């Protein structure tokens, strides 16, 4: 390969100058030994787990910690199974609200414990802190697409986790969620869900066995896209689901909302999601500028309630009939 030879004014380390250029966006040389200020490097190839290439194509340890946006992304990925658990528990429990409540609490417990255990087993082990590499661009999530072919025949495989550990930590979390659910939920459901038919008892657990593989594939294929788009996904989904819920529950006034506790719980949970989306978009970089945006959280619900009576289908149909 072509060699890079430095002159006297070159600022690169000598060991880099005398080696052939390292091709590929994510290929790098591992540091074999350090003797004082002189480092010895290996061949150009894949970086070990927990490392990524620097500007000089040298594999360096990820010593940073996730920034606020990274934590918000991990929080979103952690919320997905919990929200789906709650949705399917509600969907299949029908009117047996007492058994549903216990299942909701158990689902929250499972996901919380899974999140804590995932952080504890991540590097550094035994700590709730994690060391990570900074996400610089979208391609960092898809290093497998950037393996170089120097002679157009052989491919140098340099696929590694450049966004360590944001990609794999989600899979570990989902695995713990699944294990904890299989250990705790069947016993609980068998004990408390006596009012439900035998076939209905475990339907929320069966649903989870379907959605966990879907979430895993979603993270594997769309992890990088989700990283950049999740705040907007939260906002759109919280708006749509709130509108659908209020429409299905025939909420037409504030009184309808206050009649049942369940409706208030759903409303406040949507508000929390909405606030989470706004915080994720603004990142709260400038507090005095971004905090007032949280005042917009109740706006969609207020707009819906204030305009519901004008969009009642039966009223529109009757007025249309009168017009003829």
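Cβ coordinates come from backbone N, Cα and C, glycine included.
Feature annotations, reproduced from TrEMBL:
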- 71-89: transmembrane segment (TRANSMEM)
- 164-184: transmembrane segment (TRANSMEM)
- 205-226: transmembrane segment (TRANSMEM)
- 232-251: transmembrane segment (TRANSMEM)
- 263-279: transmembrane segment (TRANSMEM)
- 291-308: transmembrane segment (TRANSMEM)
The transmembrane segment (232-251) versus listed stretches 71-89, 164-184, 205-226, 291-308: most Cβ pairs under 8 Å: 291-308
Criterion met for the transmembrane segment (71-89) and the transmembrane segment (205-226) (at least three Cβ pairs under 8 Å): yes
